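Structure first, commentary second.
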Amino acid sequence: MTSFTESKKLDEIESPVPEIIVPSTTNGNGTIESYKEKSVGTSFLDFFRSYKLRPDNEFAEVHNSEDFLKPRHLQMIAIGSCIGTGLFVSTGKSLKNAGPGSLMINFIILSAMILALILSLGEMCCFLPNQSSITMYTGRLLNNNIGFAQSWLYFWIWLTVLPSEISAACEVVDFWTTQHLNPAIWVTIFLAYVVLVNAFGARSYGECEFVSSFLKVVIVIIFFFVAIIINCGAAPKGGYIGAHYWHHPGSFRNGFKGFCSVFISSAYSLSGTENIGTAAGNTSNPQRAIPSAVKKVFYRMGFFYIITIFLITLVVPYDNPDLGNVSPFIIAIKNGGIHVLPHITNAVILVSVLSVGNAAVFAASRNAMALVKQGWAPRFLGRVDQKGRPVISYLCSLAMACIAYVNAAPDGSVVFDWLMSVSGGGAFVIWGLSFIDHIRLRYAMKAQKIPDTVLPYKFPGSVYLSYYGVLINFLALCALVYISIFPVTHEKPSAYGFFVSFLGPSVFIAYLLISPIFVKPTFQSLKDVDLTTGRYDLVNSQMYVAESSTSELSEKDLTKPNLQSNDNKNSEDLESNTPPQKKSALQKVADFLC
């Protein structure tokens, strides 16, 4: 899974220290005073007072985690946020079920689809900026009922990420345990860690993500060279391997069924990447941000996924008995006879798994606020504290994480498969509808005779890329249906086997069926689609008119005496003559990779 903070511009200046907003009070005259602000101090009581909920009728915009992060946080998170459980853990099971050939083909197809998705979303988000969630476009451009079902599915996807990551963390810890310990112990420890990180706000989250992203990038780069050394036969153990494992035991396993089985784990690995397009489309310069975002995704998919997975297939055969239980990274290093590095790698994997869980808490709360704004969720989910943090949705995310305690049961390991099915299978529904939204936008513009020249960002042939995306997601859903009915394990068809593979789309269908109870069905033609509210060019023209009127007023004030002090003038001169700061080494690395 991918973090929301990854697509913030890397050259952004450091934000000020967060402020605590004190609720408005009534003074002696009976009038209501405005909110007063005071700096967050070191007072222990102020920390707890900041969590006091605002009145029920007061809702505020959720403070993005980027608002209080330093540039070094944003730079490192942007590089390493795409690396997580999908790459470190899930690829082992996919390699075991499908073989190296199916694994590579599947990831290449989905990576190309993700690039098309970033372009389509970027085009939509530039034209109709949206600060909440990508699912808001479906209700506006397509249908309210479908938008309702998609939004709730997306909320559940992020809500299930935290317990799935904690379940995966329990499996990672098993690498060290020589004696069987109750998994509930580890679940409690990991859950307490997530609570502490989120309790201290965005700064603590940023520090933890900075460290974890740095470690993830370092371990992937180390594995890149170690895998080449092992493959060439220069490791302490083993000889030259080359492409031997692609021939013996082979490139494909379980045929077409094996290929179809990889879709869930691949989607689970890549889900969340779509938020890069949303964030880039909401920047002040989308014409520059969107190409940068596409280049960023291209490099990540190419290096951190395609090349890394290819190296895994070269040094780990699909018939290795440890696959599915141990990370393929660790299996490869152990097979090479390297003794210390497996423990270091496993520790980094544990940190990366928990970091994805931290990011999921932020993402789930953001989608909860989007549901409340649309009137599709209970208002209590939108309650915020004095600093604008969605405390209730945070608590819902943490409460959902308690599902991970099921790992203490004898068959508790299947919980991770169920939770991954919601994220993996549901991602195809989210992506497919996003492509349909983009196609709908283009046809609505034609029906309303809006030229495409008004688009702040336009990619040639983007509509055809959206058709490609719809086709890939439709075929992926068909593959999930096929593998749900006819499992890759050659078992007889069962309800359990069906829902463990098709749970995400099933959640969408369930919400779609009950949507008429909560949402009035709307069937709008292309000419009736709202393409004016919040539109980029219209908002900018209104701002231009406002600025013009302001400038006319300021011209009248030119005849008035200038009351500005010389000290202020001197300070402004100093600021204007200040040379630009040189980029740090970390900024240069980020610019190269991103």
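Just so you know, glycine gets a Cβ as well, placed from its N, Cα and C.
On a predicted model such as this, the values are computed, not experimentally measured, just so you know.
As given in Swiss-Prot:
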- 75-95: transmembrane segment (TRANSMEM)
- 101-121: transmembrane segment (TRANSMEM)
- 146-166: transmembrane segment (TRANSMEM)
- 181-201: transmembrane segment (TRANSMEM)
- 210-230: transmembrane segment (TRANSMEM)
- 297-317: transmembrane segment (TRANSMEM)
- 323-343: transmembrane segment (TRANSMEM)
- 344-364: transmembrane segment (TRANSMEM)
- 390-410: transmembrane segment (TRANSMEM)
- 416-436: transmembrane segment (TRANSMEM)
- 468-488: transmembrane segment (TRANSMEM)
- 498-518: transmembrane segment (TRANSMEM)
- 550-587: region 'Disordered' (REGION)
Practice prompt. Taking the transmembrane segment (297-317) as the first stretch and the transmembrane segment (101-121) as the second, find out whether 3 or more Cβ pairs fall under 8 Å, excluding pairs closer than 6 in sequence.
Written response: yes
Fill in: Winner by Cβ pairs under 8 Å against the transmembrane segment (390-410), considering only 146-166, 181-201, 323-343
181-201
Worksheet item: Is the number of Cβ-Cβ pairs under 8 Å between the transmembrane segment (416-436) and the transmembrane segment (468-488) three or more, considering only pairs separated by 6 or more positions?
Response: yes
Worksheet item: Where else in the chain does the transmembrane segment (498-518) make close Cβ contacts, counting only residues six or more beyond its ends and a cut-off under 8 Å?
Response: 144-146, 148-150, 152-153, 156-157, 264, 376, 414, 417-418, 421-429, 477, 480-481, 483-485, 487
Worksheet item: Hey, would you say the transmembrane segment (323-343) packs against the transmembrane segment (468-488), going by three or more CB pairs under 8 A that are 6+ residues apart?
Response: no
Worksheet, complete the sentence: Relative to the transmembrane segment (344-364), the stretch among 101-121, 146-166, 210-230, 468-488 with the most Cβ pairs under 8 Å is 146-166
Worksheet, complete the sentence: Of the listed stretches 101-121, 146-166, 181-201, 210-230, the one with the highest count of C-beta pairs below 8 angstroms to the transmembrane segment (468-488) is 101-121
